[in-house]
Amino acid sequence: MKKQNNLRSLAAQAVEQVVEQGQSLSNVLPPLQQKVADKDKALLQELCFGVLRTLSQLEWLINKLMSRPMTGKQRTVHYLIMVGFYQLLYTRVPPHAALAETVEGAVSIKRPQLKGLINGVLRQFQRQQETLLNEFATSDARFLHPGWLVKRLQNAYPTQWQHIIEANNQRPPMWLRVNRTHHTRDGWLGLLEDAGMKGYPHPDYPDAVRLETPAPVHALPGFAEGWVTVQDASAQGCAVFLAPQNGEHILDLCAAPGGKTTHILEVAPEADVLAVDIDEQRLSRVYDNLKRLGMKATVKQGDGRYPSQWCGEQQFDRILLDAPCSATGVIRRHPDIKWLRRDRDIAELAQLQAEILDAVWPRLKPGGTLVYATCSVLPEENRDQIKTFLQRTPDAALSETGTPDQPGQQNLPGGEEGDGFFYAKLIKK
């Protein structure tokens, strides 16, 4: 059966579910993708990601051009107008097509009586575009981030906060991890070149390759066979710092979707790995990743605060704790994070991280290594967290990463580099 859903109305519904209902775009988008033809999936994704990336600008424009907000059952139209603005500002969709398709979206969401309103607002924007954009360039909304997050970044990074915000507003590069059990990185780069694509090795992470141009995974040499995995360069730093060895008992805590679990097994194929995550639904992706790569690990559902429930009294040679966090280092990959997080979440997350650290530390053998990692750029979850942990944990010592005053290594997002990420390598005395 031919799929003929209006893309613009689907994008508006997706954004509404994220902003109004607090749902993650990664949960909202896949079922909507099933409603459109394959050739239209990329545009639907671009509209959803793009509107969420620039949401504060689009909201600002609506407030300038409409006397009162759309509410109640008409609220989806509010987001449909945003989709129209985004196309006119940021895509190569011809303006006449952007207008026509967006206006027609009102029919799909059963608001045909509002077609004239949508058309009028979008045409008014076209007429006033230059004036409006000049005014927007000096407004508080120009950073495309919620005010609370801008303030936190300014406080934490007085000289770098604008760089972080600019990086967050960019499209991310596509990083891959070459499976060293199949190929050397240089060998796989040769296969990539034979396939007509170009990639660049990361200077610090030995398995990481950045594609010159993002590509679908089925086009990558040996993806189905497990030769390569999509994983950001900074995320690959976790296994690099962990330095797993064959024969060791290793715990990967907060493991879903399994990218770090499989990286550990690529580095140390004969390690005994236990992968644990609290989210049973996301654990299915750990199984999928292990299956594609032909690897074996023990996978369990469990809460990191209560290790006795999922590992008894077992101790480990190495532990990777990729702690639950604000994800403020991966906003360019997941722009919905800006609108799903709240200022109050940060203290709650820091408390949860501390509880997991304290609970899992006794499960590390003396002389063992624990790598604490987050995809956050906020000090409360990173350096401050590790500083206070070291103060209250006499048998913990910092190794390789930072100093007691400035513990850990903080990667900031930017350009063609990896995402924002924090690592602290701790040794049990």
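Just so it is clear, glycine is given a Cβ too, placed from its N, Cα and C backbone atoms.
DSSP assigns Ala256 (S-adenosyl-L-methionine binding site) to coil in the three-state reduction, placing it in neither a helix nor a strand. The S-adenosyl-L-methionine binding site annotation in Swiss-Prot covers Cys254, Ala255, Ala256, Pro257, Gly258, Gly259, Lys260, Asp277, Asp303, Asp322 and rests on sequence analysis.
Residues or ranges marked as active site, nucleophile by Swiss-Prot: Cys375. If you draw a 10 Å sphere around the CB of Cys375 (active site, nucleophile), it holds 27 other CB atoms from the protein chains shown.
What Swiss-Prot records for 397-419 is region 'Disordered'. Assigned with DSSP, the residues of the region 'Disordered' (397-419) fall into helix, strand and coil as follows: 0 helix, 7 strand, 16 coil.
What Swiss-Prot lists as compositional bias 'Polar residues' is 400-412.
Tertiary proximity for the region 'Disordered' (397-419) is limited to same-chain residues at least six positions away from its ends with a CB under 8 Å from its CB atoms, namely 157, 160, 163-164, 167-168, 170, 172-173, 175, 200, 202, 205, 208, 210, 232-237, 241, 329-333, 369, 372, 375, 377, 382-383, 386-387, 390, 425-429. For the binding-site residues Cys254, Ala256, the greatest number of Cβ atoms within 10 Å around a candidate Cβ is found at Ala256. Across the fold, the C-alpha of Cys375 (active site, nucleophile) and the C-alpha of Cys254 (S-adenosyl-L-methionine binding site) stand 13 Å from each other. Within the set of binding-site residues (Gly258, Lys260, Asp303), the lowest number of other Cβ atoms found within 10 Å of a Cβ is recorded at Asp303. For the S-adenosyl-L-methionine site, whose binding residues are given in the record as Cys254, Ala255, Ala256, Pro257, Gly258, Gly259, Lys260, Asp277, Asp303, Asp322, the maximum C-alpha distance rounds to 19 Å.
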